[in-house]
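Taken from TrEMBL, the feature compositional bias 'Polar residues' covers 1263-1276. Summarising the annotation, TrEMBL assigns disulfide bond to Cys923-Cys950. Feature annotation from TrEMBL assigns domain 'F5/8 type C' to 26-177. According to TrEMBL, the feature domain 'Laminin G' maps to 182-351, 357-537, 785-950, 993-1184. Residues annotated as domain 'EGF-like' in TrEMBL: 539-576, 951-989. Under the heading domain 'Fibrinogen C-terminal', TrEMBL lists 575-626. As annotated by TrEMBL, region 'Disordered' applies to 1258-1284. The annotation transmembrane segment is assigned in TrEMBL to 1216-1241.
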Amino acid sequence: MNEIVKCQTTNRSQNSNLAHVSSADCLTDPCDGPLVSNLMPSSFRSSSELSSSHAPGFAKLNRRDGAGGWSPLVSDRHQWLEVDLGERTKITAVATQGRYGSSDWLSSYLLMFSDTGHNWRQYRQEESIGFFPGNSNADSVVQYKLQQPAVARFLRLLPLDWNPSGRIGLRLETYGCPYTSDVASFHGGSSLVYRPSPSPRRTSKDVFTLKFKTLRNSGTVLQAEGREGLSLSLELERGKLLLLLREDGASSSEPRRLASLGSLLDDQHWHNVALERRSSHLNLTVDKHTERVQIPAEFTVPRLDHQKSVISKRSFHGCIENLLFNGHNLIELAKHNNHQVAVVGNVTFSCAEPLSVAVTFTGPQSFLQLPGTTTSSSSAGVSIGFQFRTWDKAGLLLTFDLPQHGGVVWLYLSQARLRLQIHKAGKALLELSAGAALNDGQWHAVELNSKRGRLTVTVDKEEGGSAQASPAFPVAVKNHLFFGGCPAEDNHPDCRNPFSAFQGCMRLLTVDNHSMDLIKVQQKQLGNFSNLQIDMCGIIDRCSPSRCEHGGRCSQSWTVFHCNCSDSGYNGATCHSSVYEQSCEAYKHNGNTSGHFYIDVDGSGPIRPQLVYCNMTEKTWMVIQHNNTELTKVRPSPSMPHLLLHFGYSSKEEQLQAAISQSEHCEQQLSYHCRKSRLLNTPEGSPFSWWLGGPGPGRVQTYWGGAQPGSQQCACGLQGDCVDLQHYCNCDADRAEWTEDSGLLIHKESLPVRALVLGDIKRPGSEAAYRVGPLRCHGDKNFWNAAFFDKETSYLHFPTFHGELSADISFLFKTTAPSGVFLENLGIRDFIRIELSSSTQVIFSFDVGNGPLEVRVESSVPLNDNRWHRVRAERNVKEATLRLDDLPVATQEAPADGHFHLQLNSQLFIGGTASRQKGFRGCIRSLQLNGVTLDLEERAKITPGVRPGCPGHCSSYGSLCQNQGRCTERENGFHCDCSLSAFSGVFCQSEVSASFKSGTSVRYTFKEVYEVSRNSSALPSSIYSDATLRGENVSLSFRTSQSPALLLYVSSYYREYLALLINKHDKLEVRYKLDSGREAEVLRSRARSLANGQLHTVSIRRRSDSVSVQVRRRQNAARHVHAWSLMSIHSDDMDPDLARLGSLGFTGCLSVVHFNTISPLKAALLHPDSGPVSISGPLVQSSCGSAASANPYAAENTHHLSGETKQCTVNLEIPLFLAGVIAVVIFVMVTGLAITARFLYRRKDTYRNQEVKGVKQDDSPDFTFNTQADSQNLPTENPKEYFI
């Protein structure tokens, strides 16, 4: 008894094109009868047979006749077994078995089908896999059920691999059922005309179905003429089937292309076509691919049930089979002379099959050798013709040696042009070129003729091009012609190929006008060959349908395709992954500040990127503009009772709705300014005006900004403060004075505002204006969606992941565990998994039927550092990639001829596996599969061992906070606290700068520490950490053209001070007086030209009696650093000079003024009304402190000491106790500020008696002062003051 393997699917799911099962018992399809077992031996043919007892007629399943099966004479890949089923038959399954009682069986094979015994077509799995796995022993049966049945008369099986300890041995069976069809042949001038019966009503559905085959790449297959001069047609153009819509039936009018499907349809194989109309759209299906077409709005839908249908007009040459219109078999009606179908021209009801034998050059080792003509006559010539098709730009087409002088002729492709070269002794004697773009996959005819001293090369005759020459030597063939390449033997005497080998198809080969019989070549009766597929063209269009997504442009060679993703907004091998982030929130966490950004709300999904403005504040706002966000006066139309105003947004409908959906909050300002123009009326009455908002065209909304939906109220009605309490809107009071109703619309289901309808605008005296602000949203629900897995056995499960052709997975994780599985989804044999395999390695592994593949990324730093790390994995038909953080991308190419459909059927496990082993402990956030975010938080709420959310982001994002900004945690994200920084902005990155002119002053006042302590019982301990300031850090940037100029001045009650100035030599000086009993110490820098209008940064650092000063020019980053000891500097009494210098005032720019933890300029600009700050004169915030900004002071005059008395712009007084060090010193950072020197100069004897009202520390929490002096030694009547 033969061993029967238990029926089971072994490697592909039911959705694949091919299911591998074990025996005929598995078949339940009614079309499952055996087709081979009852055939006569004469129905079998083979390439050879080992002996008569190994003849192909013995190759029947489970039979032991003869030697128990077929075996060829030689076991190699040139062998084949052919079965003639007698007539065209529907084939649903194939089963194989080894030769009985032997060690001979096939382990893999190819399957071919044909209607005529010629022009074979290879059956492919998933449009890629060409081979079938075979047997593992001689007796078990391995059966494959074809997902797409084949219809053919002939079947041919080609062995690929066999038992290495035996030879090729085979028994087989095919399963199926009879196939019936009605066929008609058309010869260019013939057609069928069908006139449907009139119908009183229009049907909601019309269906055309047919099959066709042809050798020509152009022709009209079907034309349906409808009402109002419209017609639909299906036309072949360059081997593609086009659906065209024509108007007025005029041949001169350019048709509108609605769809294009298929490719290489001129291959003389049957192709299935279906055209289905459903209401306002059409579905066009060619073979297995369907395209949905919306009929253009400007055209009336043709009524297919009242049409004249013209089949196979003049240009079509070929056969059509089973032509059905709404179930009516038109060919059958034509055969029975039905009056509804008219036959025009020569139509035959059978399919004439022209014999055309093609040959496929499959690889670099392929060649075809044919005999050439030889003659000793000097006038001898040559005439060679052939057709070829290929995707490659280069390759040798033909070569032969010349009979005299040792010359060689090469005819080859280069840059998709046909070129001919004749060489002798390494020198080119002649070069010709013709044609262009010959790698388009179309058949191209080539002729090479040499006669009477004239050499001509022609491509495609009239449609192509030709080149001619008159060589001084005869061009003829010495011995052999070599097509496509040369034999593998080195230095073959008759063939040399300096070019790449040709990969493509050839047919219709002629030599001296004699056709070459390629079947004799196959039977080895003519010429020689290697690595050829004879009697078939194996070209594949890998760009039809295109695997390039999102508008990527597909190009191809014979073996691979390539996607050009430029200008698409996507990248990767198939343009699958978006190059843009999905929200403004994501851009912020990449360190970006406010600006315009493209966001792709669904990542790799179908929604295109959109340009928005991201306002990076404490909340990250996404702003989408429309065509009118300004306050606009209403201009009523005389002929219309209402004014209808539409708003067009910069984003498309699907982009808007996706952006609103993923945001936590959205709002839009809606304002109506009115005078005697009522708005909504009462809630009981009909509204005068309304607006439309929400998806699509929007729904009518009868409430106004700030109110609730459906309330027919404005914000004042909700708050009870309308100007007339009898109404619910200010404008409804109908007053003659201007008033307004304004507020925010915050209900996402009503956004965005699509249109306004304004009614009460035409009465005498009525005036109105409106404003609809941009759509503003914040909060990305997807970006912060997270779950915490606290056990290795815990996991979340979701429905099966569907990523058959393209799959991208992205997420962030943080953990302290060294390993764990992030994600896993299983199939029968297929699977996909991403895991942390070690503390430094992430692995992306999967199996699509070719065996497991892995992509690994190794990190140089530990990944279990409890910081967020980003993982992005992608798998497509070309490759798999894995990206970890900003490390280089790891790539694993897909097998060149392998499965590419990923078939999964289990649940998707997140944070663990089905076996509950190797689970992940830690946080997973923002998990997205093919652009769709999984709601981890919602699932975690009902799952034991998993908690929603995951706090702690500063460890990962804290480095984004710059310039002493402090990272503070938020529930969803983080915030940069800039209160201790002189900078502002979302990351404390923006310089705070101001331009100063004469007459501007700013005062910043601090209380003494002990006075604050007297009024507060809850002060931080840091206030008392250092009662005496023994050092200070001062930094500032300035830009000026003035010298000399006083930049900084600090004074105490006891006349100790610090001064920073530019002297008359444009050099920097620092003056310290730390003891009233000693003279000032003078520090002079070697830095020159500081008053040159460029931006300079000065940093002063003092520790006890040591001072360092750093001067840096921002443009070229040149630094001058000096350090001095205060005890060794010569001192001068400069107090009178400082007063005179301050009286000059200061003109320039000040930026980033910082003293320890105090930022007085920032307080003055950003919090001008806070307690510590008082401002006199105009103070304007400016970008003058930016290194990139132009110098706004270059044209200003330089001031010298001359007795001018300009208004001082800055002053700082600090009455403090000093004991060798400055205690609680507040500096005046003046890089662009000047001391109010006139105040000092004229009133220096009275400033000790000043009293300034104190301000509580709580009044300015953003500008706290932490370096306090000893409160026991400080008088309360002397507050510290800044004059800026």
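Keep in mind that glycine also has a Cβ here, set from the backbone N, Cα and C atoms.
Automatic, uncurated: that is what TrEMBL annotation is.
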Overall pLDDT of the domain 'Laminin G' (993-1184), taken as the mean: 70
Recorded stretches the domain 'Laminin G' (357-537) and the domain 'Fibrinogen C-terminal' (575-626) touching, at least 3 CB pairs under 8 Å: no
Other C-beta atoms that fall within 10 angstroms of the C-beta of Cys923 (disulfide bond): 23
CB contacts for Cys950 (disulfide bond) [other CB atoms within 10 A, all chains]: 24
Residue counts (helix, strand, coil, in that order) that DSSP gives for the domain 'EGF-like' (539-576): 0 helix, 12 strand, 26 coil
The domain 'EGF-like' (951-989), counted residue by residue under DSSP: helix, strand, coil: 7 helix, 12 strand, 20 coil
